[in-house]
Amino acid sequence: MPKVRTKDLIEQFQLELISGEEGIHRPIDTSDLSRPGIEMAGFFTYYPADRVQLLGKTELTFFDTLTTEQKQERMKALCTEETPCIIITRNQDVPDELLQASRESGMPLLRSSQTTTRLSSRLTNYLEGKLAPTTAVHGVLVDIYGVGVLITGQSGVGKSETALELVKRGHRLVADDSVEIRQEDEDTLVGSSPDLIEHLLEIRGLGIINVMTLFGAGAVRNYKRITLVINLEIWDQKKNYDRLGLDEEKMKIIDTELTKITLPVRPGRNLAVIIEVAAMNFRLKRMGVNAAQQFSERLMSAIELGNQE
């Protein structure tokens, strides 16, 4: 099922439907837009018919200079069965040739009061958000000091209980159990909760609780950019865990690599506090303050000084 149809654009941007009502369910598969200026001159060799077409003042002013026969020919070529819609900006008058071609092909012809540049920008942002690659990850997403922390780990390791403690400490829950992630940009992942389980948290032995009802609207948020992954795993005595923080793991989600920290879980460890500190330390590293690197440099300086003596 297509993620976006022409009907969605009409509703989202309050566009006026002039003709082609039968085609409002046409799918839109790309966020790229087209301003068919060179096509108006008759060059259709590389016409991107699958894109939303925008006709601004420049295109329609040039169109007025054409002969009647040329106008009919160009508009028939523009209105294909593949084209999602044509949008006329600035509330300009609709050429009769375009109206006729739209009716014959069943292609939606729309109109907006916005300028071409403004509408183009808004359409691109909307379509990129809707058509972005998506995936779902088993885990919990929490906003900690402005850092979107995705807590992962095998079932029963304590992810939801840790999230509950973080919420009690003033942080905000985004999603529990299933985190829907979309890649809005090359390095931007945004996580949210499925509508069915939004603001809900499952605690074994207690059941399902509504975080917003219990802790208020300030304890939840609808979406958050993910910048850090913390993986919880049962403590393995045979495994060597990072004790300095010099080595940085990475986790790839869709096409974006995120910093990953592995936290071993065992009785007596306050995971909520550790994750809080991990988020703050991550922010410090992004600001250029790396405590592990500073310690390493001091250690190397001390060793060199000792060797000189």
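Using the three backbone atoms N, Cα and C, a Cβ is placed for every residue, glycine included.
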Stated Swiss-Prot location of region 'Important for the catalytic mechanism of dephosphorylation', expressed as one of 168-173, 264-269: 264-269
Cα-to-Cα gap, Gly156 (ATP binding site) vs Asp177 (active site, proton acceptor), nearest whole Å: 11
Env. residues of ATP site, Cβ within 8 Å of mean position of Gly153, Gln154, Ser155, Gly156, Val157, Gly158, Lys159, Ser160 Cβ: Leu232
Least buried by Cβ count (within 10 Å) of the binding-site residues Gly153, Gly156, Gly158: Gly156
Inter-residue C-alpha distance, Ser155 (ATP binding site) and Asp177 (active site, proton acceptor) (nearest angstrom): 9
Site with most surrounding Cβ atoms, counting all protein chains shown within 10 Å, from the recorded positions His138, Lys159: Lys159
Set of same-chain residues at least 6 away whose C-beta sits under 8 angstroms from Asp177 (active site, proton acceptor): His138, Gly139, Val140, Ser160, Ile197, Glu202
Which of Gln154, Ser155, Ser160, the listed binding-site residues, has fewest other Cβ atoms within 10 Å: Ser155
